[in-house]
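Engineer: One structure follows; several queries about it will come next.
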Amino acid sequence: MFQTLYSYFWWERLWLPANLTWADLEDRDGRVYAKASDLYITLPLAFLFLVIRHLFETYVATPLAGLLNVKEKIRLKATPNAVLEKFYAATTKHPKQADVEMLSKKSGCTVRQVERWFRRRRNQDRPSLLKKFREASWRFTFYLIAFIAGMAVIVDKPWFYDLREVWKGYPIQSMLPSQYWYYMIELSFYWSLLFSIASDVKRKDFKEQIIHHVATIILISFSWFANYIRAGTLIMALHDSSDYLLESAKMFNYAGWRNTCNNIFIVFAAVFIVTRLVILPFWIMHCTVVYPLDLYPAFFGYYFFNFMMVVLQSLHIFWAYLIIRMAQKFITGKARGGLGMARGSQSHRVVEDERSDREETDNSEEEEEAAKNGPLSNGHPVLNNNHRKTD
């Protein structure tokens, strides 16, 4: 049974154009070709990445956070309450009004005390600012190094300047050592992201992130199996070109360097839109959809590869929508009088990650702050929102 499934899975017609077999991609005359067995190394490398990440976050990112004065926000802890804790853990973290009234009777607390307890309890579970900074630092470091390495791998290749060269001689295209390691490191890193996603900071697009990681792993793996290596290196470098900018903007955001963060974010938004919404669909996807048909009839691998490209492109459109929303806030805030520190939270909210949950506040605490610092605006102290640090 297993052997039959194995045979069907590696059937040449699924992976290669007509009249070609795996024998055509066997190493000979000093020419080395991609093999499925090469990817076995990516799993142990992924766990090595997790170890390196832990060491990096402990001995590099944490001291860096101290140098940049990344400060934790003091959170009021929810008082121990067995009734409310049981409901929080077993039912929902966001009780409806009817649930709040029911819990009020069971716990002996007032309705307002129950609502405050759940707000504080949810805040306790939110990741700390230091955790967010450490994660952003790690991803920034990897994406920057990966982008520089990726450009070094492809910048001197003819297909970097002429996309028709991507398919010249396909699939009898030998593999270079630099391409091998670029693929192995990128794929290992995305495996490590998938392994750690449950413990990383969870955002509103958690499901989309999983889809992205899985689609990326499948796309990288498939392009290796089918010897789409030239196209694959272009796609990976294109993706890395903007990711390190976003992570650096987050780092400065957590450190409170708002003007720097805003400026980097604008550069990131421009690079993201140009690379993901212009170059990728109109150059790279045109290259993978149109040019191969000049050389061989469409086959399953051709359709599958381009289907996964469409999945990634759909995610890019979704994230571009969030980026444009943030850019609109930036433009609106700038039009009303600048982005300096005196603008309070206006300039900072520009770079809030639309995917993240915001810190919740207690009405009673706000009222106390109002007594000390002045009137409220929409339930928030007018001049005291500029210290909220969210992703």
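For all residues, glycine too, the Cβ spot is worked out from N, Cα and C.
Whatever TrEMBL says is automated annotation, not expert-curated.
Below, the features straight out of TrEMBL:
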DNA_BIND  69-129  DNA-binding region
COMPBIAS  349-358  compositional bias 'Basic and acidic residues'
COMPBIAS  359-369  compositional bias 'Acidic residues'
DOMAIN    67-128  domain 'Homeobox'
DOMAIN    131-332  domain 'TLC'
REGION    339-391  region 'Disordered'
TRANSMEM  39-56  transmembrane segment
TRANSMEM  140-160  transmembrane segment
TRANSMEM  210-229  transmembrane segment
TRANSMEM  264-284  transmembrane segment
TRANSMEM  304-324  transmembrane segment
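Looking at the shown structure, can you explain where the listed features end up?
Structural biologist: Taking Cβ pairs closer than 8 Å, the transmembrane segment (140-160) reaches residues 56, 166, 168, 176, 178-179, 182, 185-186, 189, 230, 233-234, 236-237, 240-241, 243-244, 247-248, 250-251 in its own chain, all 6 or more past its ends.
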Engineer: Hey, which bits of the same chain come close to the transmembrane segment (39-56), Cβ under 8 Å, at least six residues off its ends?
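Structural biologist: Answer is 137-138, 141, 184-185, 187-189, 191-192, 195-196, 221, 224.
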Engineer: What is the average pLDDT across the DNA-binding region (69-129)?
Structural biologist: 85
Engineer: In the same chain, who gets a Cβ under 8 Å from the transmembrane segment (210-229) while lying at least 6 residues past its ends?
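Structural biologist: Long-range Cβ neighbours of the transmembrane segment (210-229): 15-16, 25, 33-34, 36, 38-39, 170-171, 173, 175, 179, 183, 186-187, 190-191, 193-194, 197, 235-236, 288, 301, 304-305, 308-309, 311-312, 315.
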Engineer: What is the three-state DSSP composition of the DNA-binding region (69-129), stated as helix, strand and coil residue counts?
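Structural biologist: Final tally across the stretch: 36 helix, 0 strand, 25 coil.
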